[in-house]
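Enquirer: Summarising the annotation, Swiss-Prot assigns heme binding site to His264, His324. What Swiss-Prot lists as transmembrane segment is 12-32, 99-119, 127-147, 163-183, 198-218, 266-286, 296-316, 317-337, and the listing cites sequence analysis.
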Amino acid sequence: MDMSGAGDRRSGAVRTWLYVVAALVVAMVAVGGATRLTGSGLSITEWRPVTGAIPPLTEADWAAEFAKYRDTPQYNILNQGMGLSAFKVLYGWEWGHRLLGRVIGLVFFLPLILFWWQGRISRRLGLGLLGLGLLGGLQGAIGWIMVASGLQPGMTAVAPLKLALHLTTASLILAGLVWLAAGERRGVLAPAPARLRATALLLPILVLVQIFLGGLVAGSHAGLVYNTWPTMDGQLVPPLDSLFAIRPWIENFVDNHALVQFDHRVTAYLVFVVAVLHAVDARLTGPKSAAGRAAGVVILVLAQMALGIATLLLAVPLWAALAHQVLAMAVLTMATVHARLSRGFGLVEPAAAEPPLGFEGLAGGRI
């Protein structure tokens, strides 16, 4: 019996599910960015993974939550005199961010259990999904550790390093989802030459590094200084005594606004140069499909650079900063899909190449 049609439908369902989860992760990053930019991230002072899904429902509940917030350094230093109505707005952003995280968990694990039972998950895919599930759980813990850092005495915001780690982990989950989804395609796709495959893989790695550096810029508010381009304080390269003004020197990479912003700028140039060289190489030596995808990466990188420059020159308005963060996810998605497809696909259907996990795997693959 020819099972190719059934295999295509099964693979398509899994691929669609993975892309839906990836889209939810992008939404999560967007809501998280809005939560940070509106100063809402410290409005919920407790981590209750289950009961926290229920927001305050009565005036007494709201008064209790507001009383907890009034004990935080952020309130006492920045927001003294804030009324309950303003607090509800802050609380709504943070609660929505956490609720979306719970929704992502359900949308990820419930279909995963169903697909596993139906035998639609191959062993290789299953291991990848298991790793992403564990990383998602770790991400929740990282989020609370980040929030807790902002509740310490004298703090009015979360620690920049923890914010960057939280953003990068979300980005890594997104990259993993689209990598696995792209790998679920059926048919035949010739692999690109080895050099192109290597540089295609380098691109999402560089983008992840750049996202981490962007998290440091956001967390330290380094985008609010040196609001000129291409120079910083009138120079293309600030003097070393400005870049390494803090002792010990290693702390400059997190706490020195000049070095934090300079690192983000230089890495952006590096990503652009690598993307352009890769696209030229793909045009000259690679298959047409790889050349088209590589050109798409360049276009997105160029758009992201332009938006980043505009965000800097405008002194980080909320809309520009949020768009810059979301477009970074688009760049990462395109670069990751391109890297995965550059590896090509063989003639053998994955479902036939290895036994599936789940009920059908135990039954020998008979349906």
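These residue numbers are counts, starting from 1, taken along the chain as shown.
A Cβ is built for glycine as well, from the same backbone N, Cα and C atoms used for every other residue.
Because the structure is a prediction, the values reported are computed rather than measured.
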Enquirer: Cβ under 8 Å to the transmembrane segment (296-316), counting only same-chain residues 6 or more beyond its ends: which ones?
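Expert: Distant contacts of the transmembrane segment (296-316): 203, 223-224, 226-229, 268, 271-272, 275-276, 278-279, 323-324, 327-328, 330-331, 334-335, 338.
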Enquirer: Any chance the transmembrane segment (163-183) and the transmembrane segment (12-32) are in contact, meaning at least three CB pairs closer than 8 A with a sequence separation of 6+?
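Expert: Judged by the Cβ rule, the two regions touch, with the required three close pairs present.
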Enquirer: Taking the Cβ of His324 (heme binding site) as the centre, count every other Cβ atom within 10 Å, in any protein chain shown.
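Expert: For His324 (heme binding site), the 10 Å Cβ neighbour count is 21.
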Enquirer: What residues in the same chain, six or more past the boundaries of the transmembrane segment (12-32), come closer than 8 Å to it by Cβ-Cβ distance?
Expert: 93, 96-97, 100-101, 103-104, 107-108, 111, 115, 120-121, 125, 166-167, 170-171, 173-174, 177-178, 180-181, 184-185, 322, 325-326, 329-330, 333
Enquirer: Just counting, how many other CB atoms are there within 10 A of the CB of His264 (heme binding site)?
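Expert: Summing over all protein chains shown, His264 (heme binding site) has 22 other Cβ atoms within 10 Å.
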Enquirer: Under a Cβ pair cut-off of under 8 Å, which of the recorded stretches 127-147, 198-218, 266-286 contacts the transmembrane segment (317-337) most often?
Expert: 198-218
